[in-house]
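As written in TrEMBL, here are the features:
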BINDING   LEU76, GLY108, PHE127, SER128, ASN129, MET130, THR131, PHE132  S-adenosyl-L-methionine binding site
Amino acid sequence: MNIRVVAVGKIKEKYIQEGIKEFLKRLSRYCSMDIVEIEDEKAPENLSEKEMEIVKNKEGERILAKVPQNSFVISLEIKGKQLSSEELSKKIEDLMINGVNDITFVIGGSLGLSNNVTTRSDFKLSFSNMTFPHQLMRLILLEQVYRGWRIIKGEPYHK
Ligand SMILES: C[S@@+](CC[C@H](N)C(=O)[O-])C[C@H]1O[C@@H](n2cnc3c(N)ncnc32)[C@H](O)[C@@H]1O
């Protein structure tokens with residue numbers, strides 16, 4: 001299974017970089033995992049809603065350019081569907097059973113995800129009603145995908 005995370009913005013915090021590195025190492029036993037970073041679109045202050053949507057869609061186009069056509073897209077959205085870890089694990093397993101071999105998770109930046117990205121998304125995943133910073137979100141996602149693989153394989157993992 002190929003899994004990629006397309007994420008807006010850089011990881012500046014060292015402790016998060018180290019956490020991400022650790023989970024990428026752990027995940028390498030289960031799947032091919034790629035992180036694709038997109039530079040965030042600069043939005044001048046005082047933009048109207050319409051102008052802001054144009055800026056976000058420009059960022060969205062750069063995100064979508066990194067998504068292969070056949071990829072199953074899971075966008076991370078606060079207002080998406082909340083799943084338990086077991087349900088996320090089952091989602092990945094069911095996709096595999098149904099012949100999907102490429103999944104793209106998309107994490108937005110400070111502007112959030114644009115309409116063109118959410119329209120392309122096949123599943124909108126929420127981690128709670130809280131807003132997480134994009135850097136932490138990337139680490140949390142990798143941990144949950146790793147947890148998901150451990151569940152799929154029936155391997156013990158601390159609760
Ligand atoms: C700092 S947040 C963006 C906040 C932005 N104002 C918004 O409303 O989307 C950066 C990204 O992290 C992800 N994110 C943050 N909290 C999340 C949550 N609870 N569930 C799912 N994704 C989340 C989303 O992809 C979001 O675009």
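Note: Cβ is positioned from N, Cα and C throughout, glycine not excepted.
Everything TrEMBL records as a feature, shown here on the structure.
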{"residue": "LEU76", "record": "S-adenosyl-L-methionine binding site", "contacts (Cβ under 8 Å, 6+ apart)": "PHE105, VAL106, ILE107, GLY108, LEU113, LEU125, SER126, PHE127, MET137, LEU141"}
{"residue": "SER128", "record": "S-adenosyl-L-methionine binding site", "contacts (Cβ under 8 Å, 6+ apart)": "ILE78, GLN82"}
{"residue": "ASN129", "record": "S-adenosyl-L-methionine binding site", "contacts (Cβ under 8 Å, 6+ apart)": "ILE78"}
{"residue": "MET130", "record": "S-adenosyl-L-methionine binding site", "contacts (Cβ under 8 Å, 6+ apart)": "ILE78"}
{"residue": "THR131", "record": "S-adenosyl-L-methionine binding site", "contacts (Cβ under 8 Å, 6+ apart)": "ILE78"}
{"residue": "PHE132", "record": "S-adenosyl-L-methionine binding site", "contacts (Cβ under 8 Å, 6+ apart)": "ILE140"}
Just checking a number: largest C-alpha distance across LEU76, GLY108, PHE127, SER128, ASN129, MET130, THR131, PHE132 for the S-adenosyl-L-methionine site, rounded to a whole Å. 16
How many other Cβ atoms are found within 10 Å of the Cβ atom of PHE127 (S-adenosyl-L-methionine binding site), counting all protein chains shown? 18
